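As written in TrEMBL, here are the features:
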type     : residues               : note
DOMAIN   : 36-323                 : domain 'Histone deacetylase'
BINDING  : Asp107, Gly156, Tyr310 : substrate binding site
ACT_SITE : His148                 : active site, proton acceptor
BINDING  : Asp183, His185, Asp271 : divalent metal cation binding site
REGION   : 470-496                : region 'Disordered'
Amino acid sequence: MEAGGNSLPSGPDGSKRKVYYFYDPEVGNYYYGQGHPMKPHRIRMTHALLAHYGLLQHMHVVKPALARDRDLCRFHADDYVAFLRSITPETQQDQLRQLKRFNVGEDCPVFDGLYSFCQTYAGGSVGGAVKLNHGSDIAINWSGGLHHAKKCEASGFCYVNDIVLAILELLKMHERVLYVDIDIHHGDGVEEAFYTTDRVMTVSFHKFGDYFPGTGDVRDIGYGKGKYYSLNVPLDDGIDDESYQSLFKPIMGKVMEVFKPGAVVLQCGADSLSGDRLGCFNLSIKGHAECVRYMRSFNVPLLLLGGGGYTIRNVARCWCYETGVALGVEIEDKMPQHEYYEYFGPDYALHVAPSNMENKNSRQLLDEIKIKLLDNLSKLQHAPSVQFQERPPDTEIPEVCIAKFLALFVLPSKSRLLVPKVSRSSKPLSGRVKREYLEPKAMEDQKEVEYARETDTAFTETKASYSGSMLIDEPQIKLEQDNINKSSDQPTEMNS
């Protein structure tokens, strides 16, 4: 299928595949601060590419509702959520003890709209899970995938763990859920949350050895009922497409065969790409996207999430291309003109060549890792079964469907699965942080700073006028309210 048509992608039986894409036009306005490598602006850049490549018309485009306090507290501690809701740049000096307690302030700074930002990206991931529970094939939330957040603390640029919340939602419908993480950093927050259960298998491919967060040894396999349900694939610098896929496909093929998940969550952190400002892998965009293509081929409900990625022009390239892969839509390498076209010079192409950096992952090392993990999987005799008594109600996620979205939208009860993790590789990480402060020399950084200055006042006014309504006052786009009376996954009243 080529981009430009109006039909949605077909499923394996020839039927139309239901694909939902969650995007809030306000998410790109949030700003971690000058010099911080995490830039939500990359989500807006990704959306611009999707719009101008014509991919939006192949999906149901939805603005998610904000996740409520009680939604976040299904995983996170009440006092931590209350802290995130109340803290502001103006009041943080009066709460130094709380900042330290919840690990907020350095890697995870306090910024304007912090809690709304958390509600937005978590709402998209939980909303995607609800759609999958009601028969959709694929749901996409590129603003989600913040895999480091813990039950009681922020970590590694992540405040709320939207992935855990989405998996908890999927577990209402599915006996087993698979989580796969291709971010360069270990998916520690998700692994820790499900370390003792056999209903969620976590698989993380990551850089290991003197690298944030310091966890993810191949010997960390789960505990109790969860033994062998945590898989860690520790990698070294410079891994390329061929080496990566020599592990990814045989391992994930065996996981799908043995675990038989009812749904898959794939965290597509783009900091594993070649040239990432915080990363040290050497994957091409096509090599990274091959993971999406492979997991899609199993025709199991699939939730695609974002994650890391700090060379933001390449993040946008990657997630645009991977959206096309998810849809089965081929898009050309020549980039269309759009609002952020100057970011992608001098080639103005979708794909970028990997570097000639050394691959420190020897064939012997990769084979040893593969043999070890396949052996662990062989110890799982069969997929665990769960006896359902009554399915819990869906999380109520009101939303607006943005139909025929052809123009770019740019605006200037608690589940306690978490127990202490027993890790053979963990060691004290005091003083270790994820980010490296770099001077904003790259054009994308300079433009981000300029954009933040220009829109600071506009953003404050936007936040003041945004009171939870799902309608967007924007003449470029036609918005259609979903018929909530016909959908069991939406409430009859708007939740604040």
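From the backbone N, Cα and C atoms, a Cβ is placed for every residue, glycine too.
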For Tyr310 (substrate binding site), nearby residues of its own chain (Cβ under 8 Å, 6 or more apart in sequence): Pro37, Met38, Lys39, Asp271, Asp276, Arg277, Leu278, Gly279
For Gly156 (substrate binding site), the number of other Cβ atoms found within 10 Å of its own Cβ: 23
Spatial neighbours of Asp183 (divalent metal cation binding site) that are distant in sequence (at least 6 apart) but have CB under 8 A: Gly145, His147, Ser204, His206, Gln267, Cys268, Gly269, Asp271, Ser272, Gly307, Gly308
Residues close to divalent metal cation site centre defined by Asp183, His185, Asp271, Cβ within 8 Å: Ile184, His206, Lys207, Gly269, Ser272, Leu278, Gly279, Gly307, Gly308, Gly309
Alpha-carbon spacing, His185 (divalent metal cation binding site) to Asp107 (substrate binding site), which is rounded to whole Å: 14
Nearest-integer angstrom distance between the alpha carbons (Cα) of Asp107 (substrate binding site) and the residue listed as 'active site, proton acceptor': 11
Residue pair His148 (active site, proton acceptor), Gly156 (substrate binding site) - Cα distance, angstrom, rounded: 6
